Amino acid sequence: MEEAGAKPRKGVSCLCCICDNRKAALKRPKTLQQICRECFYEVFEEEIHQVIVKNHLFRPGERIAVGASGGKDSTVLAYVLSELNRRHNYGLDLFLLSVDEGITGYRDDSLETVKRNEIQYGLPLQIVSYKDLYGWTMDEIVKMIGLKNNCTFCGVFRRQALDRGAALLKVDKLATGHNADDMAETVLLNILRGDIARLSRCTAIITGEDGPIPRCKPFKYTYEKEIVMYAYFKKLDYFSTECIYSPNAYRGFAREFIKDLERIRPRAILDIIKSGEDFRISTSTKMPEQGTCERCGYISSQKWCKACVLLEGLNRGLPKLGIGRSRGLDNETEKREMKGRSSDGQTRSIESKQCGTLDF
Amino acid sequence: MQLTLEFGGGLELLCDSVKIHNVSINPENGVGKLVMKDLLSWVRSNLIKERPEMFMKGDTVRPGVLVLVNDCDWELSGQLDTTLEEKDVVVFISTLHGG
Amino acid sequence: MACNSSACQSNCYRNQDDEATVEQDSLRTNKTDRLAATYGDSGDTHLCFKCKAKERMSSSEEGDDGRFCSDCFRSNLFAKFRQAVNSNAMISPSDKVLVAFSGGPCSRVALQFVHEMQVKAHKNFEASRDRSLHVFGVGVAYIDETSACPIPLHEIDRTIQTIQSVVSSLSPPIKDLHIVQIESVYSSNLSDGREKLKKLLDTVSDVTGKEDLISHLRMLSLQKIAAENGYNRLVLGTCTSRIACHVISSTVKGQGYSLPADIQYVDARWEVPVALPLRDCLAQELNMLCCADGLKTVELTKTSFSGINDLVSSFVALLQEENPSRESTIVRTAGKLTPFNFSRIPDLNESNGVPLATKRRQKRNNFKHVNSLSSETFCAVCNGPLNMSDVQTLRSFEAGQVSSILAGTCCSSCQFQILPKDSISQELLLSLLPPSMVARAMHGSPSNSNSLREKIQEFLLSDDEVES
């Protein structure tokens with residue numbers, strides 16, 4: 001019985017179903033095929049190439065920045081894009097763009113990874129730091145405001161920092177490492193939050209075409225499992241530690257649900273993205289008029305952009321300024337958040353990944 | 001039985017930030033056979049120092065943790081029923097950290 | 001994007017353009033909370049929040065049952081039901097309504113409320129001198145699914161007994177009870193149908209696919225009972241919680257396009273339009289009402305399918321526990337998806353005496369294309385509207401090869417979880433589908449050509465039940 005139950009391994013392992021020659025090394029979640037390493041590299045890269053071509057993500061001669069956090073997704077993205085650029089003559093000038101939030105013991109370490117990547121892949125690296133742009137590091141901000149709302153600052157500042165870095169590099173587009181699991185999670189979260197406006201555009205593969213720097217997601221259909229497998233087999237150098245200011249942030253219900261789903265039906269991840277693309281949402285909902293911030297010139301629908309409002313608060317010693325919704329956050333809401341704490345004292349929420357990663 | 005266990009993708013944080021562990025495990029149930037299921041419970045009680053729920057859920061690894069036995073996806077070798085042999089290398093990688 | 005962290009509390013950065021939606025959401029909950037809190041401050045936390053005279057039903061802080069006394073709770077729930085019925089013209093005096101009753105608490109409340117409405121209409125009828133006010137008719141249907149999933153005989157007997165006693169103990173007007181076996185979707189010969197049904201389910205290997213197919217068949221049975229007995233409305237007890245689960249599971253199955261078809265108050269794509277008057281009530285509230293009012297319910301031990309649907313249910317339950325307004329938020333989000341033309345009772349025009357107020361409300365619910373005809377094509381198996389771009393990709397993909405009729409007339413979700421992969425098994429499945437599904441496949445097939453017609457002729461002739 002044991003013999004029948006356990007599948008053969010080692011010498012008698014099953015063969016790759018593509019080349020029918022080498023030993024299979026993994027099971028693809030997308031197709032359930034058993035394939036060997038070499039064939040995996042090939043199909044993995046080819047699929048991303050097809051996504052790039054079909055969606056016209058890049059045009060010959062463009063300057064493209066890869067948002068590089070040093071984590072698995074952006075590391076693999078930088079590696080694969082430089083490979084494909086060479087192989088298929090995209091004619092792109094590729095750059096690495098990193099944001100230094102100024103978090104000791106976290107970002108300084110991950111930036112070391114990015115600096116190694118700069119050399120390994122031969123891609124010029126631009127680092128923009130919160131300190132330079134805003135005069136504050138996250139360490140200093142946290143010292144002032146504590147561990148509440150710090151992710152709000154970080155998120156707002158990062159978004160703008162990336163745009164500013166991209167402007168410095170004079171790139172035409174920013175490519176980010178969002179993978180299929182991230183996309184599926186975002187679709188679910190927008191349903192759970194009742195955010196129909198975002199639901200309608202969260203599955204777009206290119207966003208911000210009306211903004212200063214369009215962003216694109218070449219990994220939109222790429223499974224997280226395959227990205228990690230690829231990085232592991234290729235021995236790519238990536239950094240994986242949680243942000244010290246939002247530890248355990250990835251313990252989200254939605255992420256866990258997606259991983260549970262993947263276990264019983266791997267295809268579900270792509271199906272969620274498909275649903276997100278197919279939702280019938282009338283586009284009549286007005287987008288707010290985009291102007292520019294009077295202070296810094298960044299796009300903004302208000303007089304001042306969000307970053308400037310937050311910054312003003314920090315500089316005036318009123319860090320609550322610009323936090324939360326304009327009509328103020330009720331105690332009740334906070335109480336409710338508190339109720340979400342599980343027995344082991346750690347906050348559980350529907351959301352998951354570390355702040356920075358999804359925002360990239 | 002001598003095994004090499006490797007933790008990556010952030011899982012090393014759960015075991016004193018040590019990535020590679022060379023361990024010796026004696027199969028308990030007499031048969032001299034060790035399957036992944038036994039290894040997981042051994043790892044949980046001997047190597048994981050904090051937040052075991054990051055590593056396991058029920059009697060298997062938490063969804064989102066990849067397992068490779070001798071660089072081969074354990075989904076191909078029978079997952080929990082995979083039989084381990086002397087000098088095998090087992091790798092656990094979390095996909096849940098960072099991006 | 002907002003920062004996706006639990007550690008950052010609720011204050012994630014949001015783009016300004018999205019803020020309005022979220023704000024509304026939080027304002028609403030905050031308002032209720034604040035009211036409750038204000039009231040709580042005065043020290044009378046045990047008194048009903050509405051009438052301020054009687055004791056609250058439960059000590060739970062969340063949900064309507066925690067704030068109201070049992071009378072106010074009940075009338076509040078009934079008001080939600082009545083509002084749904086009236087603003088969507090679900091029931092008019094000349095209608096004959098079939099209530100689907102599974103024995104569970106949701107459909108039990110649906111039956112109770114429809115019954116109360118009928119009793120009231122009947123009283124008005126008796127009171128009116130010229131007896132001009134019609135009273136709508138009510139019937140009850142129970143679908144026996146023993147042939148689809150094994151249920152112990154004593155359990156099914158107990159269920160049917162309870163159903164019979166519930167229906168017969170309702171005060172007049174008398175309601176017909178239709179207890180029908182699910183294999184009746186085939187023909188009048190039940191044992192033959194039972195065999196076919198078993199074989200049909202055997203061809204489906206995916207557990208979730210099987211479970212979903214059974215629910216599609218259940219709907220067909222209900223439609224059949226309704227059509228054969230002259231009913232023109234089918235009322236289901238589907239509540240907010242159920243719809244929330246459906247929203248998530250449809251999303252997970254890739255049915256984002258057809259989702260809005262299933263979650264509106266009215267679904268008129270069927271021969272007999274379907275109404276969901278409990279769409280705004282939570283399962284928890286309906287359970288509570290059954291307990292409080294002593295409404296008898298019975299539920300079969302659920303055969304666990306351990307598939308997608310179960311995983312979704314436990315996920316939604318977890319979310320609801322974390323935030324008691326989560327189910328409503330999910331349904332509200334999905335409600336904002338553009339509805340299809342058939343999401344309202346058809347023939348809604350001046351001539352048939354629909355009150356002006358109803359029409360106004362319908363307008364507000366953004367049914368813009370009231371007069372345009374539905375141009376949708378429907379999936380042969382699940383009857384979900386097909387996304388034409390999908391169908392075209394599929395057809396062009398399979399143009400070169402001889403494919404079964406089904407492949408071109410099913411949504412991608414049914415293709416994956418219900419249709420077998422090879423064309424021989426697909427033909428087998430086609431031969432085992434109930435006639436109404438075959439008819440839908442034929443209707444939806446690309447050319448409607450003679451060759452296709454011939455191909456399925458035998459299946460059509462083998463039954464006398466072909467839908468016109």
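Heads up, the Cβ atoms here are built off N, Cα and C, so glycines get one too.
Same-site candidate for ATP binding, as annotated by TrEMBL with A:G67, A:A68, A:S69, A:D73, A:G177, A:D182, chosen from A:V43, A:V51, A:V99, A:V156: A:V99. Pairwise Cα distances among A:G67, A:A68, A:S69, A:D73, A:V99, A:G177, A:D182, which the record gives as the binders of ATP, peak at 20 Å. With a cut-off of 8 Å between CB atoms and residues at least 6 apart in sequence, the same chain places A:S74, A:T75, A:A78, A:L96, A:L97, A:S98, A:V114, A:N117, A:L125 near A:A68 (ATP binding site), listed in sequence order. In the three-state DSSP reading, A:S69 (ATP binding site) counts as coil.
Listed binding-site residues A:G67, A:A68, A:V99 compared with chain B at a CB cut-off under 8 A give none as close ones.
Here the domain 'Cytoplasmic tRNA 2-thiolation protein 1 C-terminal' (A:291-321) has, by DSSP, the following mix of helix, strand and coil residues: 10 helix, 4 strand, 17 coil. Around A:G67 (ATP binding site), a 10 Å sphere centred on its CB holds 24 further CB atoms from the protein chains shown. Mean pLDDT, taken over the domain 'Cytoplasmic tRNA 2-thiolation protein 1 C-terminal' (A:291-321), works out to 82 on the 0 to 100 scale.
In the three-state DSSP scheme, A:V99 (ATP binding site) falls into the strand class.
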